[in-house]
Every structure is written in structure tokens, then in C-alpha cells.
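Undergrad: The following block contains the structure, expressed as C-alpha cells.
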Amino acid sequence: MDDKAGDNHSELHSLLFLLFLIVYGMVLLGNLSMIGIIVTDHRLNTPMYFFLGNLSITDLSYSTVIVPRTMVNILSQKKTISFAGCVAQLFLYALFMVTEGFLLAAMAYDRFIAICSPLLYSVQMSTRLCAQLVAGSCFCGCISSVLQTSMTFTLSFCASRAIDHFYCDTRPLERLSCSDLFIHKMVSSSLSGIIILPTFTVIIVSYLYIVSTVLKIPSTEGRKKAFSTCSSHLGVVSVLYGAVFFMYLTPDGYPELSKVASLCYTLVTPMLNPLIYSLRNKDVKEALNKLLEKKSTIL
């Protein structure tokens, strides 16, 4: 009976490893391809694709912080991570996640300028401003990550050292703490609000203006073209924020639901983002076809 249970356990681990391997492979392929297309095709040398390239780098980064270590633990008998490794994992994960939120807000602002002030687009969305927006996103991510990580690891951990999660995250680490979590949770929630509310507000307000402007376009074809430039970004925003809100609204008593939400934005979101942009974006599809034709000619 024990041998059979052990075999089933081993088969489940092998299946999980294979699933993580396939999805992570798709994350690597999709995001590296997107970065390669944007870098090599001069027609994509625009602010929108500059932000998209940085979004792909961010997606790739936070998946790489989590997934390889998780895959190693799936196959290992002793599933451990060092204290320093846990700190580094939480810091980097928080850094890239927050950076992505600010990048999506910058991309919404870019679409707002492109549709609502097209004649001033090249002036307002200068190379310098785009670089500043990306640098600002990284800076906000870094500050947030330092605060979140330092708050989490100043807690006292006197309970079990077994983390009920597949990576080091704030909520599962809080469950191991014997400290009074009231002030910690208040500060953590405030920090999350400071990050989520402004970025989400920028996205919502930008799209309210975009919709208002597009509805004033007289031709159906013009409205369709204007909306098509925003549909990919809206799809990415919906997937990411849907997973984030689902995780934060899940009660602490249901850790399994938090794991599902975490899987969505550590694996599913980075995998879907390149697909959404490549399938919904005419420029990216043309650039990809051109690259494939060039490779087939060489071969």
C-alpha cells in the first residue's frame, strides 16, 4: 500500500515537473521571440514596442525567479530553500511584479496620447520620456520591493519552517510568524494600495478618454482600427490584474486558492502576454512573418 502511494506521489511530481517545464519553455520562447522581433525590426522602433519589449523582459525575469527553483524542488526529496535564497526570491519577485504594473500604466498613457493627441504624439512621447517612464517603473518596483521584503523578514518566525507555497511570498511567510501581524498587515495593505490604485487609475482614466475619443470617429473602420491598437494591452491588463485581485481578495483560510492565483501570474500571464500581442497585433505578425521568411531563405 505504501509503495503504491509512493509511486502515485512520484507520478504526480513527474507530471507537475513536465507541466512546469512545458509552460516555462513557452514563456521563454514567447518572450525571447518578442524581444528579438522588436530589436531586429526597425518598423517596431516606436514607444509602444519599446514598452512592450521591457514588458517581455519583466515577464521573463519574474518567471525565472520562481519557476526553475520550483522545478528543482518538485524533483528533490528534500524541498528546501536557504534563508538568503528566500529573501532574494521575495525581493526579486516583488521588484518585477510591481515594475510590470507601472509599465502597464505607462503603456496605457502611451495609447492615450496616440489616440487622443495623435498630432503631438512624436513630441510628447519622446525617447527621453519613454526611458524615464521605464526607469521610473523600475525605481518604484525597487522601493516597493525593499519595503515589502524588509517588513516581511523583520517578523519573528517561531512556528513550522515549512512554507505552504511553491515559492517565498509574503502571505505564506506571515502564516509562519508568531508576531502580532495587525500593524504589519495594515502597512502591507497600504503599500499594495499605493501601488495598485494609482497604476489602475491611470489605466482606467486613459481608457475612458480613449473610448470617448474613438466613439467620436465618424467611420466604423476608423473606430475599429483605433480600438485594435488597444485590445492587446487591455487583454494583458485584464489577465494580470484579474489574477492579482483574485489573490488579494482570497481569504487567508484558503491557501490553495492563493496558489492558483499565484500560478496565473507567475506562469500563465507571462506565457499569454506574447501570444496576445502576436495574435492581436498586425505589426508584430508582419514582423514575425518577415523574420520566418528570412530564416527559411537562409536555410
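Positions of Cβ are set from backbone N, Cα and C atoms, glycine also.
Checked TrEMBL, it gives:
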DOMAIN    30-277  domain 'G-protein coupled receptors family 1 profile'
TRANSMEM  12-37  transmembrane segment
TRANSMEM  49-68  transmembrane segment
TRANSMEM  129-147  transmembrane segment
TRANSMEM  191-215  transmembrane segment
TRANSMEM  227-248  transmembrane segment
TRANSMEM  260-279  transmembrane segment
Undergrad: With the transmembrane segment (227-248) as the reference, find which of 49-68, 129-147, 191-215 contributes the most Cβ pairs under 8 Å.
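TA: Top-ranked stretch among 49-68, 129-147, 191-215: 191-215.
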Undergrad: Please tell me whether the transmembrane segment (12-37) and the transmembrane segment (129-147) touch - that is, whether there are at least 3 C-beta pairs under 8 Å between them, with each pair 6 or more apart in sequence.
TA: no
Undergrad: Same-chain Cβ contacts of the transmembrane segment (49-68) under 8 Å, 6 or more residues past its ends?
TA: 20, 24, 27-28, 31-32, 34-35, 38-39, 89, 92-93, 96-97, 99-100, 103-104, 106-107, 110, 130, 133-134, 137, 166-167, 236, 266-267, 269-270, 273-274, 277, 283
